[in-house]
Structure formats: C-alpha cells, structure tokens
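Asker: When I checked TrEMBL for this same protein, it listed these features:
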- 8-145: domain 'YutG/PgpA' (DOMAIN)
- 12-36: transmembrane segment (TRANSMEM)
- 42-62: transmembrane segment (TRANSMEM)
- 83-104: transmembrane segment (TRANSMEM)
- 124-146: transmembrane segment (TRANSMEM)
Amino acid sequence: MFRIYYYFSSAGPLGFSPIAPGTVGSLLSIFFLFLFPNLTMGIKLIISTIIFVLGAKAASEVEKKLKKQDPSLVVIDEIGGQLLTFLFITKLNILTLAEGFFIFRALDILKPWPISWAEKLPAGIGIMADDYVAGLIGSIILFGMYNLL
C-alpha cells in the first residue's frame, strides 16, 4: 500500500524532479487546465476535494515512513492548490493560466499568513492545507483581477 501512497503523493516521477519539484507539480495542474479550460467551479471543487482527502492520507503515510517533515517529493499538495487557484475562473486562456501560476507559486514560496499558519497543522493535513490556503487566496486575487479591476 505504501507504494501507492508514494506514487500518488509524488505524482509519479514529478516529485523527483531535480529542479523545483513543487513548481513541476504546479505545472501539471496548468497542463490539465489547458486541456480542459471550461471546467465549472463545481467540477474544480470536487476534483480539489478528492485530491485533498487522498493527498492528506498519502502525504501522512510518506512523511511517517520517510521520517521527514513535508518531504519535497510530495507534490500532490501543489497540484491541488494550483487547481484551486482557478476555482472562480470558468473560462481560461494562456494569459490567465500564466497569471494564476505565478500568483500561486509566489504565495506558496513566500507563505504569508494565514498560509504559514496552515503549514503548521499536523502531518498530511498541514502538507496539503498551506497549498490549499495559497490556492484560495490566489483564486480571490485572480477573481479580483478579472472582475473588480
């Protein structure tokens, strides 16, 4: 069973990228959204929720087995968080995807509050939560850019 957790949490080979595995994980979400640009908010929310639940369990098991807190090979959190960045945007294009990618990565790397708080939650919940909070904040920023400015 551990192999399944390991493979899922690392998104196969993506988590083993020698350069910025989290960024590579985020790019998988961008590619997915490029292929399916018209997903409804409901579908994105369902997919994000499934990724969160399965990812939290898988990340917890990997963290426990490797005896390492938030191992860099776990990128399922970036995949789900990046997807969540586009929650409120129903029509995507290359520009929107690029903007959302950079907003999410900046938030994930800089970890302003409350992202830094979410990261302190225990085990797989904490691994997933900081990226999901970053994704939600990113989605609000992106929504504001397109609907309020």
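For all residues, glycine too, the Cβ spot is worked out from N, Cα and C.
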Asker: Per DSSP, what is the residue count of the domain 'YutG/PgpA' (8-145) in each of helix, strand and coil?
Answerer: 103 helix, 0 strand, 35 coil
Asker: What stretch, picked from 12-36, 42-62, 83-104, has the most CB pairs under 8 A with the transmembrane segment (124-146)?
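Answerer: Stretch with the highest Cβ contact count: 83-104.
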Asker: Who are the chain neighbours of the transmembrane segment (42-62) in space, where the CB to CB distance is under 8 Å and they lie at least 6 residues beyond its ends?
Answerer: 1-2, 4-6, 8-10, 70-71, 73-74, 76-77, 79-80, 83-84, 86-87, 123-125, 127-128, 132, 135
Asker: Averaged over the whole of the domain 'YutG/PgpA' (8-145), what is the pLDDT?
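Answerer: Taking every residue in the domain 'YutG/PgpA' (8-145) and averaging pLDDT yields 97.
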Asker: Same-chain Cβ contacts of the transmembrane segment (83-104) under 8 Å, 6 or more residues past its ends?
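Answerer: That would be 26-27, 29-30, 32-34, 37-41, 44-45, 47-48, 51, 132, 134-136, 138-143, 145-146.
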